[in-house]
Every structure is written in C-alpha cells, then in structure tokens.
Amino acid sequence: MGIKGLAKLLSDEAPLSLKEVPLSHLHGRKLAIDASMAIYQFLIAVRSGGPGGQNAAMMLTNADGETTSHIQGIFNRTIRFISEGIRPVYVFDGKPPQFKSGELLKRREKRLKAEQALKAAEESGNIEEQDKQSKRLVRAGTKENEDCIKLLTLMGVPVIRAPCEAEAQAAALARSGKVYAAATEDMDALTFRSPVMVRKMTFANASKSDVQQIFYDKAIEGLEITHDQFVDLCILLGCDYCDTIKGIGPKTALKLIREHKNIETILKHLNREKYVVPDIYVEARRLFNHHEVLPDNEIELKWTECQPEPLKSFLVDEMGFNPDRVQASIEKLQKAFKASAKPQSRMDSFFKVKANPEGDKKKAEKRKAELAASRGKGKKGKGGGGFKKK
C-alpha cells in the first residue's frame, strides 16, 4: 500500500521534488527494484484474451497450467533496462514485520470479497467484472518469487533477499551509495529515507517510456518539515503498519505536523472523542527509523554475463516459451550486457550544478500558484461553488 495520498501531497506542496524523465535518462545508473511490486504488476498486465474473445483475459501459462506472465514481464523488461545502460538489482521481500499483520488481515478480507464478486460475475457472464475481480485476486507467492530469482540469476542480474521489507532494503542500498535509487511504487521508500525514488520503472505498457523521480531532500524542503516530522506525517496519512486517523486528510495532517511538530503533541490538542487514534503509532515510527536490513558489508552487487543454455532451457522447457523468440532475446541480452560493460560516463558527470536555493524556492512557489489557479478554474461553474466529491 505504501503511504496514502503522499504522491498527491508532494505534487501540491513540493512540486520540485518530482521529475518526469525518459527511461534513457537513467543510463549508467544502478537501481534497486522492488521485486514483489514488479512481479505483481506483470501478473496483472501480461495477459491473454480468453478463448474466442468471449472470456475475461487470463494470465499466460505453460503446458502444466503454471503461470508464466511474471517470467515474460521480468525477462523482457530487464533486457530493456540493460539495453538502456541501466544496472538493475532486484530486492525480494523477507518476513513481514509483526505490526503489518493488521494490514495483511485487511488484504485477506478484500481477497475473500473479490472471490465472491468473481463467482457472481462468472454466473452472470459479466466479462468486464470478471476481469476486474480476477486482477484483485492476483498475488505473487513463493513459487513466483523463486521462478524470478532463478531467471534473474541465469540472466546474470544480482538478487537480494531482504530480511524484512524490500522497500526498506532498497532504500538502505540507495543511502549507502551502492545504487542510485530505490525503484518501487510504494511511497514508503521515501519514509525509509531513500535519497531518490523512481516510479513507473516496471510498467508493462511500452508506450509509457517516462519514469518519475522523487527526490527526498526536495520533498522535505518543499513540505517545510524535518525527517522525524516527515515520518510522523506518513503515519498520519496511513501506512502498512498503522491505520490513519479517520477525518484527517493529507492537507490537515501536514498542517498539524507543521504546527505541533510530532504526533504526541498533536494528540494533546486533538478531540479524542471525535478522532480515533491508533495506539501503535510509536511502533510504526520505530519500524520506519530502525527497519531490519542487511548490513552494507554483507552485500556485493555483481552483474555477470548470462548463462545462455541453462537460461534457454528454463524458458523453453520449463516455461514453454517460443524457442526462436527466446534465442533472439538472449542474443539481445548478451549484446546489451557487452555494450553496458564498456566504461562510460554520464553527461551530468561533466558538469557541476551550482545550487540555487532561492531560485528553487521561487520555482516551487510559482508551481504551487499555478496548481492552485488550475484547481480554481476547474471549480468554476460547479453548483453553489462547492467542492465536487469524488
């Protein structure tokens, strides 16, 4: 889930922290990719139409009926990364923290509701609803993870098994300088203090070539708060470890943090009869600030040439992929790896950018004003001049 509403809040309050760039802009960068998030996205996106086009889209499978959508997605996308000169390292989730059990229970309840809705849609023949509910039932299990670990190892791409949350481990890799950024859709990578976060890296739609970079320092600066206050803000917004306070939205949460500095002081000024405050926010704060990750000295990132024959055997014999297409892709991978192995410098390494805090502040204020103006125009003509509920 990540942090509820944080992306929108940064867009409104700290627009300079967000930057859309083409994938090629990351040439020469090492990126720690949230593997579970990537696998989930490909399980949903890489699908085939039902027989005769009369049934809901289905995930790709091999002759034994085992799902292969995630394998095709990770294989093709990783080749694309390496072709762009990017060095990916995939980080897999370990055991979830105990205080995430509440969130996991909610997810199980949602899955049960989706199963019931899917059954009803199948009985009524509603294809659109079948597709919608089947996507809600998708999850990456142990087998999908192990399949991808085997694939990536044969491709020569490093894999890390995090002791706990993948986003926390990816953020730690970025903080230590072993990689440039944590690549995930979960905004809590910023709460774990990744200097740079990259989103949309594993979108399966090839036409969506742009990725989004989010810069931690500029986010903190734009929000006008400290890191400790940012952690408390994320807890108030709602995270995997702690429910949000119902009735307090992102804007109000930011206002309260700016005014009172921390959750403890906010609680002293909050009407406890009106607002229900989760009692585990202290533990949630501890998890964000002291999450279990592998020590830097235990991590060695090494990219190697792929193992052509074992890789082809895995994809063709086990996954049921087309031999000719697999061979062509392996040759493309080998060519991309050799090209990326040559010493190359990024263009921005030739230039030293002079900091201009005052200029950045003016840009941020201008951007905020533009956003406010555009929202104001959108509200004209609405009945009574009120807000439109979504």
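Note that Cβ sites are derived from N, Cα and C of the backbone, with glycine treated the same way.
Site annotation (Swiss-Prot, ligand Mg(2+) 1) includes Asp93, Glu165, Glu167; from Asp34, Asp228, Asp232, the additional listed residue is Asp34.
Among the candidates Asp147, Asp240, Asp243, the one that Swiss-Prot lists alongside Asp186, Asp188 as binding Mg(2+) 2 is Asp240. Between the listed ranges 316-324, 325-333, 343-351, Swiss-Prot ties the annotation region 'Interaction with PCNA' to 343-351. For the binding-site residues shown (Glu165, Asp240), fewest C-beta neighbours within 10 angstroms: Asp240. If you measure from the Cα atom of Asp34 (Mg(2+) 1 binding site) to that of Arg77 (DNA binding site), you get 14 Å. Within the group of binding-site residues (Asp34, Asp93, Glu167), the Cβ with the highest number of other Cβ atoms inside 10 Å belongs to Glu167. The Mg(2+) 1 site is set by Asp34, Asp93, Glu165, Glu167; from the centre of their CB atoms, other residues of the chain with a CB within 8 Å are Ser36, Met37, Val91, Ala162, Ala166, Ala168, Gln169, Ala170, Thr184, Asp186.
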